[in-house]
Each structure stands twice: as structure tokens, then as C-alpha cells.
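Just below is one structure, and these are the notes that go with it.
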Amino acid sequence: TQAATKMASFAFSESSAMLLPLVLLSYLVVATSAANFYQDVDVTWGDQRGKILNGGQLLTLSLDKFSGSGFQSKNEYLFARIDMQLKLVPDNSAGTVTTFYLSSQGPGHDEIDFEFLGNSSGNPYTVHTNVYAQGKGNKEQQFHLWFDPTAAFHTYSIVWNPQRIIFLVDNSPIRVFQNSEAIGVPFPKTQPMRVYSSLWNADDWATQGGRVKADWTKAPFTASYRNYNANGCVKSSAGSSCASTNSVNDQAWQTQELDSAGRNRMRWVQSKFMIYNYCTDLKRFPQGLPAECKRSR
């Protein structure tokens with residue numbers, strides 16, 4: 001699974017650089033993508049099933065019976081806000097999975113997931129979220145959406161800073177995963193991650209536990225991407241840097257949290273549209289729920 005990114009370095013003046021906290025100086029060159037897929041990403045698999053179109057403004061992934069496709073960002077990040085507009089596979093998307101996520105590589109990897117599980121015509125997509133730290137996940141929350149994600153583009157965002165991870169849909173928070181290292185819960189904070197996206201066949205499990213298979217007479221299945229934006233600390237051979245093309249506002253993600261309106265909006269989403277929460281799955285955790293579940297959101 002794989003995705004995209006470019007970063008335009010922000011030229012900080014000497015005077016403004018002097019004001020930055022020392023802790024940020026070793027990381028300092030925040031980048032923002034210019035939303036051109038040619039510059040931001042590499043299509044990494046799929047044998048021409050992934051296409052960059054419209055001068056770099058649009059990217060499509062397709063899936064047929066023989067292969068899916070995917071892309072990844074050119075840059076690696078250690079903390080970032082990543083926004084992507086997606087239009088998901090329309091009509092009968094059963095058996096397909098479209099992904100948009102951050103991941104490091106190697107054993108003990110970190111990962112922050114959006115996965116969109118297709119369904120038969122007329123039934124809603126399932127939005128699957130998860131967080132891995134040091135190779136361990138099992139922190140799934142799943143949602144339906146309050147709109148048809150196949151009819152138009154919608155924005156899906158991941159905010160990842162040292163304090164928390166926020167999942168947003170059209171800028172509405174649907175989930176927050178707090179840094180709970182103080183009570184022994186691992187949190188992704190040391191491994192740089194790339195952005196990935198993919199479209200692939202998972203009809204052995206994705207739709208109703210694998211009971212509904214992909215209808216290959218409807219192939220190729222296609223998902224579309226546009227307006228990719230990455231504000232983050234870019235990892236390079238020289239270290240890591242946090243840059244922005246604009247003002248301090250572009251760096252708000254570095255300490256972003258939910259205000260009262262955001263908390264209310266998330267409560268509304270979770271009460272109306274959440275269909276699975278590992279923190280309430282007592283059968284799965286007979287010895288007791290994970291420690292972070294006991295903390296208030």
C-alpha cells in the first residue's frame with residue numbers, strides 16, 4: 001500500500017530562526033507539498049495501473065483480477081499533517097480495499113492507517129483506522145460515513161505530533177489516539193514514515209468477513225486522488241527538518257489538539273457512525289481492556 005509527497009522548503013530568516021525553540025532546530029525545515037503528484041510521489045507497483053494525470057493534479061489507482069496498484073511519497077516524515085482528497089471505487093466495490101496511511105519499514109514498524117473496505121452496491125463503505133507502534137497494532141476503530149464517498153472527492157487527514165494522532169474526515173475529527181507512554185503504551189515517535197496508498201483485492205476478508213467476493217465483471221475498479229498536501233518534518237541524509245510555505249499557522253499541527261467544538265463533533269461522529277471500537281470489545285480482551293482505553297479521550 002502506498003502514497004505521496006513533495007516539500008517546498010521554507011526559508012526562515014535569521015531573526016525568526018533564532019526564536020525557534022532549540023528542541024526544533026535539529027529538525028527544522030518544514031515542508032509543504034505543492035500538490036503535484038509527479039514531484040510528490042512514486043507509483044511503485046501495479047504495472048501501469050497507477051496513473052498520474054492532468055499535469056500532476058490527479059492520480060488514479062486501478063485494480064483488476066491480476067493486480068492492484070499503489071504509490072508512496074518521495075519524502076519520509078517524523079511528525080506531519082497529511083491531507084489527501086479521495087474519491088473511492090463506485091458502485092459494487094465488494095472485496096476491494098483502498099488505503100491511505102503512514103508507515104515506517106522493518107521489524108517493529110510504526111503505522112497510522114486509513115483503510116476503506118468496499119461493499120456491495122447500496123451498502124456503505126467501512127472506514128477502518130488503526131495505529132501500530134513498535135510492530136504492535138490491535139487498536140482498531142471502524143466507522144461508516146455521513147456521505148457517499150464515491151460520488152465526489154472528500155478530504156481525509158492524519159495529524160501526527162508528539163502528543164497525539166488525530167484522524168479527520170473533511171476536517172471533522174473522528175478519532176484521537178493520545179500519547180499514553182506515561183502509562184506504558186508505545187507511541188510512534190522515533191521512526192520516520194512515508195505516506196502510502198494502494199488499491200488491492202482483499203475479498204478473502206474485506207467485505208462481510210470475506211462472504212461477499214469481488215465481481216470481476218465490474219473490473220477495473222478505480223479510486224482517484226487529488227490535492228495531496230503534506231506539512232511535516234522531512235527526514236533526509238542531513239537529519240530532519242520542519243518547514244512551511246507560510247506562517248506560524250502552517251505549523252499548528254505540531255501541537256494540534258481538539259477544542260470543545262472538535263470534541264463535540266467527534267462525539268457526534270462516534271455516537272452516530274462508529275461501528276467498532278476495540279476499547280469496548282470485552283470479549284477480545286478478557287484480561288482487561290488496553291491501558292489507554294481507560295483514559296478519557
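The backbone N, Cα and C atoms fix where each Cβ goes, and this holds for glycine too.
Automated prediction, rather than curation, is the source of TrEMBL annotations.
TrEMBL lists 1-34 with the feature signal peptide.
Annotation source TrEMBL lists domain 'GH16' at 31-225.
Its Cβ taken as reference, Glu111 (active site, nucleophile) is surrounded by 19 other Cβ atoms within 10 Å in the chains shown. Annotation comment: TrEMBL describes Glu111 as active site, nucleophile.
Residues or ranges marked as active site, proton donor by TrEMBL: Glu115. Cβ neighbour count for Glu115 (active site, proton donor): 20 (other Cβ atoms within 10 Å of its Cβ, all protein chains included).
Within 10 Å of the C-beta of Asn119 (N-linked glycosylation site) we count 20 further C-beta atoms, all protein chains included. Under the heading N-linked glycosylation site, TrEMBL lists Asn119.
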Separation of alpha carbons, Glu111 (active site, nucleophile) and Asn119 (N-linked glycosylation site) (Å): 25
Stretch-averaged pLDDT - the domain 'GH16' (31-225): 94
